[in-house]
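All remarks here apply to the structure that follows.
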Amino acid sequence: MSSKYIVIEGLEGAGKTTARNLVVETLKSLGVTDMTFTREPGGTVLAEKLRSLVLDIKSVGDEVITDNAEVLLFYAARVQLVETVIKPALARGEWVIGDRHDLSTQAYQGGGRGIDRQLLATLRQAVLGDFAPDLTLYLDVDPRIGLERARARGELDRIEQESLDFFNRTRARYLELAAADPRIITIDACQPLEAVSHDIRATVTRWVQEQQ
């Protein structure tokens with residue numbers, strides 16, 4: 001089977017790390033052994049520096065990062081990761097498992113921030129062209145629950161400190177985009193962990209079998 005790019009998406013506290021481990025475990029059980037793991041923003045030396053700039057609330061002192069500057073920083077980190085890590089890994093025949101990709105920008109900056117859809121579409125086309133994940137698992141969680149989980153982990157980053165309304169708008173855009181794209185599968189992450197784990201394993205297994 002040819003290499004594939006699988007991405008895990010969701011709000012803070014949705015359980016992306018646990019989901020990634022389940023995806024990897026399931027893929028290994030199906031015979032997939034060569035995998036590369038990425039996160040966004042980040043994943044390269046340059047992209048990690050950009051991650052720090054955009055997420056670390058102390059990185060720019062009292063200077064306010066504008067919404068447009070924020071989205072451009074995300075795309076700068078993304079193109080560096082795609083061109084230097086993801087595409088080369090896929091070309092080597094490896095499967096790539098990503099923690100976030102462009103859907104995050106469409107949801108957080110498009111939904112949460114309210115950035116113009118056409119601007120985001122133009123940026124996406126310029127940076128990524130037709131490149132997209134083969135499968136995206138969107139872990140849907142109520143923002144209140146997700147934020148409670150995130151706070152329990154410790155200090156929140158700049159975006160995690162946004163208002164509940166921001167995350168409600170972000171979730172609404174996630175759901176809208178997921179409903180419109182058959183490559184995005186929504187997992188109910190408000191369920192007990194055992195049920196979420198079952199859904200992830202079943203979804204990945206079914207999808208891989210369909211690719212054969």
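Backbone N, Cα and C define each Cβ position, glycine as well.
Residues or ranges marked as ATP binding site in Swiss-Prot (evidence: sequence analysis): Gly10, Leu11, Glu12, Gly13, Ala14, Gly15, Lys16, Thr17. In this structure, Gly10 (ATP binding site) is part of a beta strand by DSSP.
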Count of other CB atoms lying within 10 Å of the CB belonging to Glu12 (ATP binding site): 21
